[in-house]
């Protein structure tokens, strides 16, 4: 069996390369760096009076130091002339320090007044700018409201016009219909009136004819009755005269009655025929 070769240095070097290639192929999730938020520390707000006092103290110390330096230089020069090198410091007097403080206070008050004036001017300018902005906004709102009102008024006017037009059209249509209906009714009424007039005329003519026929019939009947009565009287007279001819007289009476009845039937038929003629015309 062949022995395996021990892993040399070359093999040891190749392994990490392979691992690095594999790792490079892998996607590494990128985590964004989270920066710690700065916490706002509570700072003491210095008042104007504190600031004024600090400025006055620092300025007084600076003036006192300059005066001390000037005194030291003079003494040094005098001692140098005399061959001595002693340095003597002249203490600053309290009066000078107080004067310097007062001067610094006056300067600070003047500066503070100027600052106050500047701040007040800035505040006024800001207020004026705000007022102007508000006025501009109000003007824009007013213009927008006016435009909306104008648009609404125009729309309402259009609706009114359309409504009026529709109402006028409806009225015209209704009037036209009524006129047409009235005309039709009038024409129908005229036709009906004419028909009624014709019927009345026909009735009147028929009534007149009937009256005339009735009168004629009455006259005829009266004439017949008179004739019958006269004949009866004559017969009675003849009976009285002739006594024996009663049978003949009775026969004659029967014949006369039959003739009269036949005539009456003929007249009734003629009257019925006359009445039927105007009805057929209607």
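Glycine is treated like the rest: Cβ placed from N, Cα and C.
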For the set 101, 116, say which residue Swiss-Prot annotates with SUMO1 cross-link.
101
Position flagged as SUMO2 cross-link [Swiss-Prot], chosen from 95, 124:
124
For which of 20, 49, 93 does Swiss-Prot record the feature phosphoserine?
93
What are the helix, strand and coil residue counts for the compositional bias 'Acidic residues' (257-270) according to DSSP?
14 helix, 0 strand, 0 coil
Whole-number Å distance between the CA of residue 31 (phosphothreonine) and the CA of residue 124 (SUMO2 cross-link)?
51
